[in-house]
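Annotation comment: TrEMBL describes B:12-35, B:69-91, B:103-123, B:152-177, B:198-219, B:265-286 as transmembrane segment. Among the features that TrEMBL reports, domain 'ABC transmembrane type-1' is placed at B:66-280.
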Amino acid sequence: MAQLDIVDVGHAYAPGVEEERWALKPLKLTFESGKTYALVGPSGCGKTTLLNILSGLVTPSRGRVLFDGADVTALPTKARNIAQVFQFPVIYKSMTVYENLAFPLRCRRWDRARIDAKVQQVAEALDLHDRLGQPARRLTADDKQLISLGRGLVRDDVAAVLMDEPLTVIDPQLKHSLRRKIREITEQFRPTVIYVTHDQYEAMSFAQEVLVMKDGRAVQQGTPEQLFEAPSSTYVGYFIGSPAMNYLTVDRNDGPFTLGGRTLSVAWDIPHSATEVHVGVRPEYVKVVTDPGPNTFPGRLRGISDHGAQRVLEVEVAGQLVRAKTPREEGVPAGEEILVHLPRAKVLPYADGQLVLRS
Amino acid sequence: MDGLRRHKSMFLLPGLLTLFLIIIFPLLFTIRVSFSGWNVSNPRMNFIGGANYAAMLHDGRFWASITRLILLAGGTVVIQYVIGFGMALLVWREVRGRRFWRVLFLVPMMTTPVVMAAIWQTIFHESLGPVNDLLGTLGLSRIPWLTESGPALAALMIVEVWQWTPFMFLLLLAGLLSLPKEPFMAAAIDGAGTWRTFWKVTFPLMAPVSVAATIIRLIEASKLSDSVYVLTSGGPGSSTETPGYYLYIQGLRDQQTGYSGAMSLTYLVLMIVTLTGVAALLTRAFKLKGDS
């Protein structure tokens, strides 16, 4: 396992393009040894480019890539000792499951006994041990993806395991079990894992740290909890969470913030500024209440959507839409006119689309 | 519905009719002719039973030509495959002047076989040809290219390889260009070198294309006769005769119509059986069935 640093790394696929249009704008990141990271963002945000720069499949237009402090920017993929799982399962069709798993070790000229022990260990962990003799091409897509993963895990000296949306082609029912398996495996083998996905659930449930990207930039890096509790920008608030964070335009005339003429207290006070201020609150924290009180606003129920164990209520408050996520057992409020409570500690101030930090 | 169906058959009719006239009728006619004693002095559709087939069984010249064809077709196709694959690999990735090389490699295929064989005849000419001239300059003895059986066979093979390797090259290059990138990326990540990547990734991925290209070439090669006609006329003696050329001599030159009908049917059946067998063997060898 190694610590991966990227220093001022940026990349443009077409030469001579101005920096604003690079696929990956110059950025500095550190991936600590033995931790799992998720890169999330919409398609075309530079996730895969970043991953391919780490694995050496793409040479960055600028900057340096360091593995444990050693500069590997100019090294080819083969010399970087990295494992990568692609979006589509990649297996060697002419080989058996066993030969597939042993391939990286045979390339490294390990002796037979050592290869066998390692392959058995990894196959056991991946539940492939009873199919080692089968031709790999006969397996199902998710088992093939396990083989791709296994080829990364058999090398215990691997610097990092990179996964590029490995669950995209997997059936929804199997996705869940495969995700759990990948998690168990990474907990067992403790490699440095960088996991690319556009699925926020996958990112949040899988990684210790999540990096949100947009237009070739890293927008926020933090634990899943940090991203959920304190999105650094309205973009992250929209991207992480389902449904997205509520953002409301509020008024302020010298005194406190007001929403529809009523006072709204926010988590912390922010200095006055000329720019428009929004407040953000997660739907999970919006409560439907029966009694009036501080930070409680009258609203009109506009719609209800079912999210399995939860319901999402769409409430119009002072002409703006607020979503509230409530447990199913709480039932649906009777009547259209309801009261919603926005807990003060969870109401965060945003100016110019950025979270205003506590001063 | 029936009316519509009849309309559809009307559209198929011209094609079916052509097919019948150029394939089914000649085939049926050949079958009938093969049981007749039709020859230059007796051009009649009489019935002589299996006499032509019995004579064919004892015709050493015919069987020798079949054996020779297997050697020629098998040998040249293998050589074409190896050289063609090598050339395709050379211009597959980014190389300088890639387009130029790709077009240049295809030139022999576009040349008319007869013209090309005539040119090669000059090149291999024993006293005037540049090949022997070159051998002489290098201090080697001259080779009677077209007048001794061994060298004549070799010359024939060289011409075949020269003309048809480009076709193999074209099919294999198309195959290489259509391969997915991921297995190569995976092989690089797993640490495979050039040699291992070729044998474990490129070659297995190319199996379907390889089998198809080989079979197409074998079918073509089994009809070998035009270059034989121009280059050696089957000689010296009958040492470079192929079934196609021998049939030409018997059927069209000597007008042994009934007898050559029997031989051409036998030749057809043998080729169908052999090529089907080879195709099945190749498919199994490359484990193509049940692939996803």
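The backbone N, Cα and C atoms fix where each Cβ goes, and this holds for glycine too.
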For the transmembrane segment (B:103-123), which recorded stretch in the set B:12-35, B:69-91, B:152-177, B:198-219 gives the largest number of Cβ pairs separated by under 8 Å? B:152-177
Among B:12-35, B:69-91, B:152-177, point out the range having the most Cβ pairs under 8 angstroms from the transmembrane segment (B:198-219). B:152-177
Using a Cβ-Cβ cut-off of under 8 Å, list the residues of the same chain that are 6+ residues beyond the ends of the transmembrane segment (B:12-35) and lie near it. 45, 47-50, 52-53, 257-258, 261-262, 264-265
